[in-house]
Amino acid sequence: MILVWENKVKNADDKQGQGRFCQLGLSKSTGRPQKRSCRASSSFFQYRRLNNRDVILIYIDKNAAKIVDFGYLSVCHRHWSHHRPPSQLAPIPCTTRVLRFVKSSKMTEPIYPEDAIPWVGLYVCLASLISTLAMAADAFQGFRKRKLWFPCRFFTINAASLTLIAIAMKLPVDLNTDMSPSKAISIAFLVAMVGNFLPSLGLMDGKDLLLNMIAFGILMITITVNVWLQYSTIDDLRQYGILRFMQEHIIRLQMFMLICSLPWPFSVALTIPVSRKILQHRYKELHRLTSNHQEINFSYKELKHKVKKYWMMAETGDPQFAVACSPISSAFGVICLSLAFSSVYFFLDSGSYRSNYVFNSRLDSYEKSEYKWSMKLIVIMQTVGTIVGSIAPILRCLTSISHFDLSKKWTKNHLNLFKVEKYWTQTLQLWKHNHVGSGIPSRHCKKLLHQIKNMILNFCIALQILVVVICKTICLIPRSFLILFFCCCYFCKSLMKRFKQEPNASDSIVIPDMEEYIGYVLQTEAEAKLSKNMLRNSFNSITRILHESEEKEPRYLMKLLKKSTGFNGVLEFDNDEVPPVHPEEIQNCWSLVAVTLTAIALSLPNIANDQVNELLSSVSEGLQFVRHIEESLNTNGELVKARKAASHVWTDVEVYYRWLQIDLQARNGETSEEILEWLGDEAVQIVIQFKRSKYGGMDHSVLNAISASSTYRISQTILLHCKKQENWPTDEELFEFISTIIADLLCACFTNLPRVITMKCHEHAIEERENSIRTAAQLLGRSKKILKILKARQLPNLDMDSIGYIDKWHALPKSQIPNCCFSSARSQLASSSSSESIEITVV
């Protein structure tokens, strides 16, 4: 059946009135609802006139109360108290409204908008879960790398994280319900997330920082205003017994912390441009002292020494480290600790009540959560997220003291609450002295505008100083205890040294090595000197990376490189007697030639599978080094296309033994000569098809044409080489000949490794510097034995720029290639064979 409320009001001035419920049924002829009977006795109701609206309090069967708010329901299972404040009742208009569809055998209950709210709650829970996992990943990375200042990598301030925060804060911004402990947990989760990604502000500069802070500011102001509007109902909730005394004061404290911490991220953002400028300036000074533009040096020891210098500069000059050690970051740690305890209190306080209502039995008589079963998931997830998200801010606060050497001057400055460093207000001071209003002709208007600007900036400077002083005050208690603790440890160690006869052997070895790199430490504050523990951790981390990389020796590649005795293969992979298949000759790159030679080697018949697999593994390991070299040196458009073509072909060659969808081992029954001719013909057909194609500009077709052109020239060069010999080489000899060319080619390419490692050490972008140096260290560790091989060889007479291009090597005459001694397989030429020219007509 359908219950319909008929509201009967005599005139607009009536303060009270009565109505009745009518039962509607479905018409058998039309199928539409029609009135059947009225049952006023089964329901009792009253209403009052409030704020020019009719408010109704409904009792149905004396078991369930239903409030109608413009046609949708808010259900409470228990009776409504007659002493409820009228402001809590829901308004409806003076009209006939459908209250509820009651299930029966003839009618089904429709879906109301509030029925979807639990699924919205599940969406909120999912956003909270993703944020929690990202913060947990950052915490795990910090512990794994022994960086207890926890740099942000996964949970950083960007469009994705701000969207997750906005979704997770659905409860606090919901104005349809009053302040509750569940919303207090969400507020704690919000502050934990902000404190967690605070160091990520150091990764941004200029426009990105401005746009992200504007978006973050809009979000935070919206959340704070909505929470403040609900904050006014706390007194009523306390008066009517909805909130207990402890819950009320914890919520008040959380609101105070949220408002106080609102300007903190913006205060940190104002210091980022100045901090980055200081660190970048000091980095450039040290880079000029470190970089030496000399000849290529294959000494592993010197390259390792250079990598460690740049690593110390990158580690200590990270803007995230400067933010993580700031007073504001430490203050967030103190606040996150208190909010984590409050969230755990609310969570444990709610766990003793097993009901469908939010937290306690006194709340049961007031409000049932519209989120239903998803509310518990949200509370559990955000409580866990608050605890996980508080790990990084709390440990940043506790370990910030241990990062610096506790000198008397540094300790005195940090205990001085009213000393604000210059870089906190330097950006605002620069804005204050900037000229504005150049387009305003009137001098008086310019003067007025300048005065208004100065007044606003003076207020911002005062607010910035106030924020720093407040944060230093908050951090005073934990920092004072930590300073006393470290001082006690220092005196205990001093006393222990008096009773020790022998110095610690491990420290005597590490400290001299570490002293060499202390001069490459970067800091925003000149007075702050990093502690030995911090320097030792940074030094040990780069040592560990190098050691782990050395253990990942490319075994198959080293076995292949032993076949090389010089750089002769760079000259032999292409012959000028082979006419071009394309009028516009392509530029070769290292990887394209290596991949093409490997594909040709795989197509040869009568080769053992072990040899084929070993060659594939060798080339695969070699291409890992080649890609780093090409990405650093071969950056022009044509070489980038050739590099993409090589990458496009290599996957099929390595995995499926195919070249451009052609099975390389489909003609194992034929001779090697026939296979080489077949590969050349297939390559010509692909190029012809590309030239005839109407869509010749497509990337896929271009890459195929580049690969086909390279395959044609190399296969015809090998074919021409074999025809010039007295006897056609066996399949094994031809396979070894191609393998040797690949080895020579890779050795020539690897002569660029020292230069590439140095280039990766010096990364201009400050936010990418650490990852670039880590890559350089890994590349250096894996290439230790390669550098040892190259150190014993003499390089051709090529300048630093030309040595990175394979075409420059190929253009050298044989007399300029050092150790140009050709093997018998290379030098035996048939004296009677004439070099036949190959003519191709492209239609």
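Each residue, glycine too, has its Cβ placed from N, Cα and C.
Beyond the transmembrane segment (116-136), the same-chain residues lying 6 or more positions past its ends with a Cβ under 8 Å from any Cβ of the stretch are 154-155, 161, 164-165, 167-168, 170-171, 189, 192-193, 196, 370-375, 377-378, 381-382, 384-385, 388-389, 391-392. What TrEMBL records for 116-136 (among others) is transmembrane segment.
The transmembrane segment feature in TrEMBL is assigned to 148-169 (among others).
What TrEMBL records for 184-203 (among others) is transmembrane segment.
Annotated transmembrane segment per TrEMBL: 210-231 (among others), in sequence order.
Sequence annotations record features per position, and here TrEMBL assigns transmembrane segment to 251-274 (among others).
Under the heading transmembrane segment, TrEMBL lists 321-348 (among others). Same-chain neighbours of the transmembrane segment (321-348): 149-151, 181-182, 184-185, 187-189, 191-192, 194-195, 198-199, 201-202, 246-247, 250, 253-254, 257, 261, 264, 267-268, 271-272, 275, 279, 315, 359, 379-380, 382-383, 386-387, 389-390, 393-398, 400, 403-404, 467-468, 470-472, 474-475, 478-479, 523-524, counting only residues six or more beyond its ends whose CB sits under 8 Å from a CB of the stretch.
TrEMBL lists 377-399 (among others) with the feature transmembrane segment.
Listed as Cβ neighbours of the transmembrane segment (452-470) (distance under 8 Å, sequence separation of 6 or more from its ends, same chain) are residues 260, 263-264, 267, 270, 327-328, 331, 417-418, 420, 424-425, 428-429, 431-432, 436. According to TrEMBL, the transmembrane segment annotation covers 452-470 (among others).
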Notebook entry, point to check: Under a criterion of three or more Cβ pairs within a distance under 8 Å and sequence separation of at least 6, are the transmembrane segment (377-399) and the transmembrane segment (148-169) in contact?
Noted result: yes
